[in-house]
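K.L.:
Swiss-Prot lists these features:
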- 1-19: signal peptide (SIGNAL)
- Cys49-Cys63: disulfide bond (DISULFID)
- Cys56-Cys67: disulfide bond (DISULFID)
- Glu57: 4-carboxyglutamate (MOD_RES)
- Glu61: 4-carboxyglutamate (MOD_RES)
- Cys62-Cys72: disulfide bond (DISULFID)
- Phe75: phenylalanine amide (MOD_RES)
Amino acid sequence: MEKLTILLLVAAVLMSTQAMFQGDGEKSRKAEINFSETRKLARNKQKRCGGYSTYCEVDSECCSDNCVRSYCTLFG
């Protein structure tokens, strides 16, 4: 009977330890997903602009802020 009690206590400790480590793993995975989503949102919020020789109508559409004859230029 005494051996059974000790065995049950050891099993309970092992199970609680396993549950504790699994819980931390889920939290870190969620944090990783949240970090990934934050990067995507930041990237989407960045100014969208046309590179060299991209069609444009106004200066602000070009990364260089130079729209000449409907195309982005490197220099004004």
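Backbone N, Cα and C define each Cβ position, glycine as well.
So that I understand the layout, could you describe where these features sit and how close they are to other parts?
P.N.:
The number of other CB atoms found within 10 A of the CB of Cys63 (disulfide bond), across every protein chain shown, is 14.
In the three-state DSSP scheme, Cys56 (disulfide bond) falls into the coil class. Over all protein chains present, the Cβ of Cys56 (disulfide bond) has 19 other Cβ atoms lying within 10 Å.
Counting only same-chain residues at least 6 apart in sequence, those with a Cβ under 8 Å from the Cβ of Glu57 (4-carboxyglutamate) are Cys67, Ser70.
Reduced to three states, the DSSP call for Glu61 (4-carboxyglutamate) is helix.
Annotation for Cys62 (disulfide bond): same-chain Cβ neighbours under 8 Å, separated by at least 6 residues, are Cys49, Gly50, Thr54, Cys56, Cys72, Thr73.
In the three-state DSSP classification, Phe75 (phenylalanine amide) falls within coil.
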